[in-house]
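**Student:** The structure that follows is given in the form of structure tokens.
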Amino acid sequence: MTSTYIVALDQGTTSSRAIVFDEHGAILFTAQQEFAQIYPADGWVEHNPEEIWQTALAVTKEACDWVKERGSTVAAIGITNQRETTLVWDKNTGEPVYNAIVWQDRRTAKFCRDLKQEYSEQDLQARTGLLLDPYFSATKITWILDNVAGAREKAEQGELLFGTVDSFLIWRLTEGKSFVTDITNASRTNLFNIVKKQWDDDLLALFKVPASMLPKVLDCTADFGTASETLLGQAVPILGVAGDQQAATVGQCCFEPGSIKSTYGTGCFVVVNTGETMVTSNNRLLTTVAYSIKGTTHYAVEGSIFVAGAAVQWMRDNLSIIDNASETQRLAQSINSNQGVYFVPALTGLGAPHWNPDARGAIFGLTRATGPAQLARAALESVVYQTYDLLQAVREDGIAINNLRVDGGMVANDWLNQCLANILNLEVDRPKVLETTALGAAYLAGLQLGLYQSTSELAERWQKDSEFLPAMEETTREQNLQGWRKAVDAVLGMHQASNGLH
Ligand SMILES: Nc1ncnc2c1ncn2[C@@H]1O[C@H](COP(=O)(O)OP(=O)(O)O)[C@@H](O)[C@H]1O
Ligand SMILES: O=P(O)(O)OC[C@H](O)CO
């Protein structure tokens, strides 16, 4: 019997990956290319759109060629992507008018602060589930239209298109034939009304974004267009799309209300499925669309941390205290306590539950004995404490948590998983397939293809690789958490103090 091949394209913050899955959800082939991070100013983060495109195209082509070499064809493509990252391009030439402004970028912090004076954040939250923060796409679009010469005029004449990375890639893969997005990506823009499930005219007016710039919004399972034969060597339908955290929710089979996953890549994102009910957080978590499959929409509560693996990357690239990320495990376990060193990695502000775009990072408790081991351990622990803060917020919103399914590049690190179990005082489960984001995109495409009939059929496939159980004395746990709280308070205090000075 021949296999059904699905290619999942995962366009992440640091790399583009394409994975060939068979109908059982097994990984057969992976192609990956990293690309440059551009930091033009304090708090600014950009990507070159052509690099996003070239790396995404190259890995997808490689995956399609791998299938072709086996005498077969790819049945469908599923796309998943870094969310919120904003691209604006010319409809006629296909040329982006500016670099992609990345989700981590804080350049519109002042704009958000000013807007809060004239517009109720509560109203925005009721419509979009989100907060008024530079994280989301809307203020990034406004910035491009206001700062790139001639852009606003062209946008008003209907010459410019806006897309999150999914839209941009689909538009290019279909050679300009399909200008669409999916509902999960739309729900991260601050322009999409998640109650009415349509672009919100009042918000378009507020952020001064012409409606003609916006893509058509589809379910996560839909016909998104056909990727061109000229580009891929075979014409392949794009049948599934979701933002990466929502795709990971699908890949982790968190379909039941109350099920929860946490993904550790560049950032960390905790997503709790709340079923068809929308839950509004009282603790500054986001309400967002988990997925919409064949007309049924599930919502989620999400906690977003901007710096997780990025703290490890920063130690590798800026401090050069490690050569590769996996060394952090050896370093962290080489000492038997954190020795009082705490790292608050607010390198691009603080996300949930603080939402403070102006906060900046700090390391506390340095002594003559502090070296790479203490710093690496503090970086890993910071990811764990931030997760603790998110889960506390989730609990305070009345949602019970029984265990946590984890995934993403960082959870290859067993020390991190054990530390999560210890500090969260919770069972932490790591699945067999760690590429849950790509798997989720493949599942969505497979559902649309008719390869899978339902999410419950998919749920039966989830397999545990390892579980990590809490094994820390309560007093040590409490001491560590106290140290973290003091460090975060100091960072927030420092930010207030420096605000006073400017
Ligand atoms: N063994 C490890 N220990 C700690 N961090 C790791 C490890 N392996 C990868 N990472 C971190 O995980 C991130 C990569 O994860 P990935 O899921 O590929 O991210 P993204 O999708 O955001 O590009 C990097 O920031 C890297 O520093
Ligand atoms: O690229 P990742 O995996 O860090 O995910 C980025 C998120 O989608 C940002 O919201």
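Glycine is treated like the rest: Cβ placed from N, Cα and C.
According to TrEMBL, the record shows the following:
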BINDING   THR13, ARG83, GLU84, TYR135, ASP244  sn-glycerol 3-phosphate binding site
BINDING   THR13, THR14, SER15, THR266, GLY309, GLN313, GLY409  ATP binding site
BINDING   THR13, ARG17, THR266, GLY309, GLY409, ASN413  ADP binding site
BINDING   ARG83, GLU84, TYR135, ASP244, GLN245  glycerol binding site
DOMAIN    5-251  domain 'Carbohydrate kinase FGGY N-terminal'
DOMAIN    262-447  domain 'Carbohydrate kinase FGGY C-terminal'
**Student:** Same chain only, sequence gap of 6 or more: which residues have a CB within under 8 Å of the CB of GLN313 (ATP binding site)?
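**Tutor:** GLN313 (ATP binding site) has long-range Cβ partners THR14, THR266, ALA325.
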**Student:** How many whole Å apart are the CA atoms of ARG83 (sn-glycerol 3-phosphate binding site) and GLY309 (ATP binding site)?
**Tutor:** 17
**Student:** Among THR13, ARG83, GLU84, TYR135, ASP244, recorded sn-glycerol 3-phosphate binders, what is the largest CA to CA distance in Å?
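**Tutor:** The sn-glycerol 3-phosphate-binding residues span at most 15 Å between Cα atoms.
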**Student:** Within 10 Å of the Cβ of THR13 (sn-glycerol 3-phosphate binding site), how many other Cβ atoms can be counted across all chains shown?
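**Tutor:** The answer is 22 other Cβ atoms.
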**Student:** Which of GLN245, THR266 (the binding-site residues) has the most other Cβ atoms within 10 Å?
**Tutor:** GLN245
**Student:** Go through THR14, SER15, ASN413, our binding-site residues, and report the one whose Cβ sees the most other Cβ atoms within 10 Å.
**Tutor:** ASN413
**Student:** Including all protein chains displayed, how many Cβ atoms other than that of ARG17 (ADP binding site) lie within 10 Å of its Cβ?
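**Tutor:** So the Cβ neighbour count for ARG17 (ADP binding site) comes to 23.
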**Student:** Check the binding-site residues THR13, THR14, SER15, GLU84, THR266, GLN313 for any whose Cβ is under 6 angstroms from an atom of ligand 2, and report them in sequence order.
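**Tutor:** Among THR13, THR14, SER15, GLU84, THR266, GLN313, near ligand 2: THR13, GLU84, THR266.
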**Student:** At the Cα level, what's the spacing in Å between SER15 (ATP binding site) and ASP244 (sn-glycerol 3-phosphate binding site), rounded?
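**Tutor:** Here the two Cα atoms are 13 Å apart.
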**Student:** So if I measure Cβ to Cβ from GLY309 (ATP binding site) and keep only same-chain residues at least 6 apart in sequence, which ones fall under 8 Å?
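**Tutor:** Same-chain residues close to GLY309 (ATP binding site) (Cβ under 8 Å, separated by 6 or more) are TYR264, GLY265, THR266, GLY267, ALA325, VAL383, GLY408, GLY409, MET410.
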**Student:** Among ARG17, GLU84, TYR135, which binding-site residues lie by ligand 1, judged by Cβ under 6 Å to any atom?
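**Tutor:** Not one meets the Cβ criterion.
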**Student:** Sorted by position, what residues of the same chain at least six away from GLU84 (sn-glycerol 3-phosphate binding site) have a C-beta under 8 A from it?
**Tutor:** TRP103, TYR135, PHE136, SER137, LYS140, THR164, ARG188, THR189
**Student:** What whole-number distance in angstrom separates the two most remote CA atoms of the glycerol-binding residues ARG83, GLU84, TYR135, ASP244, GLN245?
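**Tutor:** Across ARG83, GLU84, TYR135, ASP244, GLN245, the widest Cα separation comes out at 15 Å.
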**Student:** Within the same chain, and leaving aside ARG83, GLU84, TYR135, ASP244, GLN245, name every residue whose CB is within 8 angstroms of the centroid of the CB atoms belonging to the recorded glycerol site, in sequence order.
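**Tutor:** Sorted by sequence, the hits are GLN82, THR85, TRP103, ARG188, GLY243, PHE269, SER304.
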**Student:** How big is the gap, in Å, between the Cα of GLN245 (glycerol binding site) and that of ASN413 (ADP binding site), rounded to a whole number?
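**Tutor:** Cα-Cα, rounded: 20 Å.
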